[in-house]
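*Asks:* Sharing the feature lines straight out of TrEMBL:
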BINDING   ASP11, HIS13, HIS46  divalent metal cation binding site
BINDING   ASP11, ALA12, HIS13, HIS38, SER39, ASP60, ILE61, GLY62  4-CDP-2-C-methyl-D-erythritol 2-phosphate binding site
DOMAIN    5-152  domain '2-C-methyl-D-erythritol 2,4-cyclodiphosphate synthase'
SITE      HIS38  site 'Transition state stabilizer'
SITE      THR137  site 'Transition state stabilizer'
Amino acid sequence: MLPYRIGFGEDAHRLEGGRPLILGGVEIEDAPRGAVAHSDGDAVLHAVADALLSAVALGDIGQYFPDTSEENRDLDSRVILARCLTLVRERGYVPANVALVVTLDRPKLGSRRTEIARRVAELLGLAFSEVGVSFKTSEGLAPDHVQVRVTVLLTRVQGDDA
Ligand SMILES: [Zn+2]
């Protein structure tokens, strides 16, 4: 069993008026548009969940939460993340740190960095200092969508010598 495993995840959603924008479990109230999605469209939590699954080679969240299923309509992405965290733990690993990059043209998210990092840390059982949050714009290349990329490092659960 490897002492560490690294995971990578990516997610994007199209933006449209009249929908909330939720990132890392935090609603961005001043966003003029929100994510079009079958679930709540939280691109941060989707990318983190995919990164967790990728670290233990379990595929992606589409396999566990298909967007064709009525059951998953407007699903709270924290439920998706919790399930993926359980799958990782069952394989003997826990997150050690996570780094995420959000690409969004509007609004600027700098003032929400602490809140997003804190929320993601809580959901993953990490310290605030173990969650890196970066914000980029697309420089107008992709103004109609939000995109998130995430790397995660897992360590073996203490005392598990399997
Ligand atoms: Zn998504």
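The backbone N, Cα and C atoms fix where each Cβ goes, and this holds for glycine too.
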*Asks:* Indicate whether ASP60 (4-CDP-2-C-methyl-D-erythritol 2-phosphate binding site) is helix, strand or coil by DSSP.
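*Replies:* DSSP assigns ASP60 (4-CDP-2-C-methyl-D-erythritol 2-phosphate binding site) to coil.
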*Asks:* Please report the Cα separation of ASP11 (divalent metal cation binding site) and ILE61 (4-CDP-2-C-methyl-D-erythritol 2-phosphate binding site) in Å, rounded to an integer.
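*Replies:* The Cα atom of ASP11 (divalent metal cation binding site) is 11 Å away from the Cα atom of ILE61 (4-CDP-2-C-methyl-D-erythritol 2-phosphate binding site).
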*Asks:* Roughly how many angstrom lie between the C-alpha atoms of HIS46 (divalent metal cation binding site) and ASP60 (4-CDP-2-C-methyl-D-erythritol 2-phosphate binding site)?
*Replies:* 9
*Asks:* Can you list which of these binding-site residues (ASP11, SER39, HIS46) have a Cβ closer than 6 Å to ligand 1?
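*Replies:* The qualifying binding-site residues are ASP11, HIS46.
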*Asks:* Rounded to an integer, what is the Cα-Cα distance in Å between HIS38 (4-CDP-2-C-methyl-D-erythritol 2-phosphate binding site) and HIS13 (divalent metal cation binding site)?
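*Replies:* Cα-Cα, rounded: 10 Å.
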*Asks:* Just to be sure I understand the packing, how many Cβ atoms besides its own are within 10 Å of the Cβ of ASP11 (divalent metal cation binding site)?
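*Replies:* The Cβ of ASP11 (divalent metal cation binding site) has 25 Cβ neighbours within 10 Å.
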*Asks:* Tell me the Cβ neighbour count for HIS38 (4-CDP-2-C-methyl-D-erythritol 2-phosphate binding site), meaning other Cβ atoms within 10 Å of its Cβ, over all protein chains shown.
*Replies:* 15
*Asks:* Identify, in sequence order, the residues in the chain of HIS13 (divalent metal cation binding site) that are 6 or more apart from it along the sequence and have a CB within less than 8 Å of its CB; answer 'none' if there are none.
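*Replies:* Within the chain, HIS13 (divalent metal cation binding site) has Cβ neighbours under 8 Å at ALA35, VAL36, ALA37, GLY41, ALA43, HIS145, VAL146.
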*Asks:* Rank the binding-site residues ALA12, ILE61 by how many other Cβ atoms lie within 10 Å of each Cβ and give me the one with the fewest.
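*Replies:* Per-residue Cβ counts within 10 Å for the binding-site residues ALA12, ILE61 bottom out at ALA12.
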*Asks:* Could you give the mean pLDDT over the domain '2-C-methyl-D-erythritol 2,4-cyclodiphosphate synthase' (5-152), rounded to a whole number?
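*Replies:* Its mean pLDDT is 95.
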*Asks:* Fewest other C-beta atoms within 10 angstroms of its own C-beta: which of the recorded positions SER39, THR137 fits that?
*Replies:* THR137
*Asks:* Taking the Cβ of ASP60 (4-CDP-2-C-methyl-D-erythritol 2-phosphate binding site) as the reference point, list residues of the same chain whose Cβ is under 8 angstroms away and which are at least six residues distant in sequence.
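*Replies:* Expected: GLY9, ASP50, LEU53, SER54.
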*Asks:* In the same chain, which residues outside the set ASP11, HIS13, HIS46 have their CB within 8 A of the centroid of the CB atoms that define the divalent metal cation site?
*Replies:* ALA12, ALA35, ALA37, GLY41, ASP42, ALA43, VAL44, ALA47, VAL146, VAL148
